[in-house]
Amino acid sequence: MTIIRKYHIAIAWTIATSAMLISLIFSEWMKLPPCDLCWYQRMAMYPLVLILGIGMYRKDSNVSIYAFPFACIGLIISVYQITIQAFPTSEMKICSVGVSCTENYLNLFGFISIPMLSFVGFLAIIILLYINQIKRQKNK
């Protein structure tokens, strides 16, 4: 636990970078076409690589303030996509053009899908940013 408290931003950056690379591997190497909601989740995750990387490099204690909105938006989108994969009738018109957002290309152990991986990544980043915020408030 002390490692997490000491390196929370570095761990969050590693998660964001891994998620970015994995999404690129899925789409470019494995040729899995991303749906609209996957693109929106990428738009939330990719800036986190830069924000957390720069914040870590500059030792900016406010980095959680900058990164938190991106992580929350990505988490909400991933929850919505998990929901429409479980209940396809609840799909909005946003996914009506191109690849269906209810399509489940990856299904490990019967429940781990690409949006579930995204959800776990965003949730872990939010928890690590919260740890940073607590640490920041204690130092005041």
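Cβ atoms are placed via backbone N, Cα and C, with glycine included.
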| Recorded disulfide partner - Cys35, candidates Cys38, Cys72, source Swiss-Prot | Cys38
| remark: Cβ atoms other than its own within 10 Å of the Cβ of Cys38 (disulfide bond), all chains, total 23
| message | Give the nonlocal contacts of the transmembrane segment (6-25) in its own chain as ranges (CB under 8 Å, at least six residues past its ends). | response | 34, 38, 42, 45-46, 48-49, 52-53, 55-56, 63, 67, 117-118, 121, 124-125, 128-129, 131-132, 135
| request: Ten-angstrom check, please: count other Cβ atoms within 10 Å of the Cβ of Cys35 (disulfide bond), all chains counted. | output: 22
| task | Give the helix, strand or coil assignment DSSP yields for Cys38 (disulfide bond). | result | helix
